[in-house]
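Annotation source Swiss-Prot lists topological domain 'Extracellular' at 24-285, citing sequence analysis. Taken from Swiss-Prot, the feature domain 'Gnk2-homologous 1' covers 24-123, and the record attributes it to sequence analysis. Among the features that Swiss-Prot reports, domain 'Gnk2-homologous 2' is placed at 133-246, with the record citing sequence analysis. Residues or ranges marked as transmembrane segment in Swiss-Prot: 286-306. Feature annotation from Swiss-Prot assigns topological domain 'Cytoplasmic' to 307-669; the stated evidence is sequence analysis. Summarising the annotation, Swiss-Prot assigns domain 'Protein kinase' to 345-624. Residues or ranges marked as active site, proton acceptor by Swiss-Prot on the basis of sequence analysis: Asp470. The feature phosphoserine is assigned by Swiss-Prot to Ser474.
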Amino acid sequence: MKLKISFLPTFLIFLISLDSVTAQEICFSGFFKPNSTYDLNRRQILSTLSSNVTSHNGFFNSKFGQAPNRVFINGMCIPGTKPETCSDCIKGASDKISESCPNKTDAYTWPDCCMVRYSNVSFSGSLVMEPSETLYHTGDIEDTGTNLTVFDRIWEELMLRTITAASLSSSNGSSFGQKYFAAEVASLTTFQTMYAMMQCTPDVSSKDCEFCLKTSVGDYESCCRGKQGGAVIRPSCFVRWDLYPYAGAFENVTFPPPPPQSLPQPPVSLIPPPVSDRANTTIKGIIVAIVVPIIVILVSLVVLLVVCRRKKSYKTTEVQATDEITTTHSLQFSFKTIEAATDKFSDSNMIGRGGFGEVYRGKLSSGPEVAVKRLSKTSGQGAEEFKNEAVLVSKLQHKNLVRLLGFCLEGEEKILVYEFVPNKSLDYFLFDPAKQGELDWTRRYNIIGGIARGILYLHQDSRLTIIHRDLKASNILLDADMNPKIADFGMARIFGVDQSQANTRRIAGTFGYMSPEYAMRGHFSMKSDVYSFGVLVLEIISGKKNSSFYNIDDSGSNLVTHAWRLWRNGSPLELVDPTIGESYQSSEATRCIHIALLCVQEDPADRPLLPAIIMMLTSSTTTLHVPRAPGFCLSGRDLEQDGVEYTESTSRSIPGSINDASITEFYPR
């Protein structure tokens with residue numbers, strides 16, 4: 001009976017706060033006309049998918065029809081699913097995805113025990129990370145009475161264990177057995193267990209599976225830490241954890257023993273005390289029975305606190321030790337591998353050039369395309385910038401940050417290998433009159449939100465506090481779906497746990513994006529990145545470079561001051577890029593301009609931090625402060641007269657290049 005009473009409050013909390021983590025149908029990419037050839041092919045292959053999956057040991061990958069109306073499809077169930085359950089899940093998912101995505105060429109869904117995906121392009125064997133969806137319970141873990149520090153430790157251990165088990169697993173030959181699946185459990189308390197399930201599509205590599213799962217866990221942690229459960233779904237992988245078993249995935253899992261209890265009390269003496277002392281002894285016994293457990297608990301908490309602090313201290317030391325990147329063997333490529341990928345650094349593969357070297361497009365023997373940043377042997381700052389970027393970016397995992405795949409350090413060769421981002425950089429579209437039309441308001445608004453989430457990760461949600469110091473349009477890459485990825489961490493700096501700002505005499509960055517306190521005094525902080533973000537938002541909305549306003553008149557105007565004048569005159573929407581037309585929400589655009597003006601306030605204390613910015617962008621009910629006049633920037637010449645060593649960063653690219661932002665050039669003014 002005690003067991004039932006102890007479990008009941010937690011169970012009731014789930015009934016009250018559960019926000020379903022059942023995966024939604026994700027529709028994306030292009031459109032097709034109803035009853036077109038593609039639509040008929042899609043319906044046909046979806047109608048037979050359930051029987052094909054059950055007859056192919058739980059995984060079916062096929063195509064149907066002729067190009068350009070060919071449909072590619074995946075269907076799979078979790079290992080151990082009964083054939084009838086698998087069939088029902090696939091059929092239900094196929095029907096739901098067909099209804100929810102009536103005219104989209106690409107879609108996928110991950111219900112509890114199966115997955116369905118279709119597309120008009122082949123995706124077999126390819127790691128596909130986006131679009132993704134994060135779901136979570138609305139209840140907080142602290143509502144269950146669980147200590148959050150203890151929970152975090154157990155949760156992280158469970159996630160790492162499940163990632164390892166899933167990415168290294170292979171088919172065991174059992175019914176519907178598949179590789180890249182794991183279901184693990186961990187005891188949170190005597191009466192409470194955590195359940196984690198992860199799965200990748202079996203057509204990707206083990207390394208890609210591990211990356212997909214780690215990224216998903218990182219995304220959940222950034223979004224929903226402290227919640228009572230949740231899931232992250234991607235086209236190539238699925239992560240879910242909860243405080244109760246689900247999907248029938250844990251029937252054969254061995255449950256771990258409960259966490260150790262308090263130390264036992266000392267044995268009671270069997271020799272009876274004298275009769276005259278029995279009353280006193282009884283009182284003493286009661287006191288001992290109460291005090292000893294309290295002391296044990298307090299000592300345990302103190303030990304736990306000390307261990308946690310030592311652990312944090314150790315992690316900080318370990319991070320600084322990684323400055324010697326030759327120890328990072330898991331990320332290292334051989335020079336021969338890079339040469340082969342780029343056809344010996346052929347000019348035809350060069351996609352960018354700058355003061356620190358060149359950027360090449362390459363293709364690894366394992367399949368994926370990469371962007372290879374080869375630092376110049378004669379660059380005086382090359383080694384330091386290389387170390388900085390390699391150490392920083394290798395630790396960053398977020399969908400709005402460019403992904404570092406590895407590096408090469410052999411002799412004088414210093415090379416960084418990044419994921420290949422096909423749609424060039426934001427400035428390529430934003431400032432080209434012929435390309436601006438491709439950025440409608442919806443895309444621009446999504447780009448603003450994605451950049452904000454990427455900066456939030458750098459400032460708060462990653463294990464390091466990182467100040468980018470060079471946020472600008474040419475350092476924002478756009479993937480195939482025009483999602484933004486922050487790039488170029490050559491100037492980034494790590495802050496300590498309690499550090500809020502730092503100073504430098506060498507001002508490095510891009511004029512126009514620098515905050516006044518950084519440009520004039522060398523002070524940089526999270527608020528200086530916020531200033532750069534504000535300028536970037538104004539550029540995205542207007543389609544104009546901040547620098548394009550210089551020398552127009554003698555007023556010293558720039559985009560920031562121009563936006564402020566329009567705001568003050570009650571006509572902020574005059575800032576909106578005319579190529580957008582009328583297809584935007586005026587309230588949404590006005591709100592974004594308002595947020596940008598708050599970000600470029602002269603006093604750093606008046607600028608919002610990223611959590612507040614995200615809230616402002618996503619909630620129309622959040623009240624915004626009235627902006628004051630923004631900070632005014634001096635020219636580079638003025639800075640030199642003030643005795644500040646000033647270095648501006650610019651980007652140069654080969655005409656027709658794929659990736660303008662992969663290299664940054666620095667030169668003295």
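Backbone N, Cα and C atoms are what each Cβ position is placed from, and that goes for glycine too.
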Would you count the other C-beta atoms found within 10 angstroms of the C-beta of Ser474 (phosphoserine) for me? 25
Taking helix as H, G and I and strand as E and B in DSSP, count the residues of the domain 'Gnk2-homologous 2' (133-246) in helix, strand and coil. 44 helix, 31 strand, 39 coil
Ser474 (phosphoserine) in three-state DSSP notation: helix
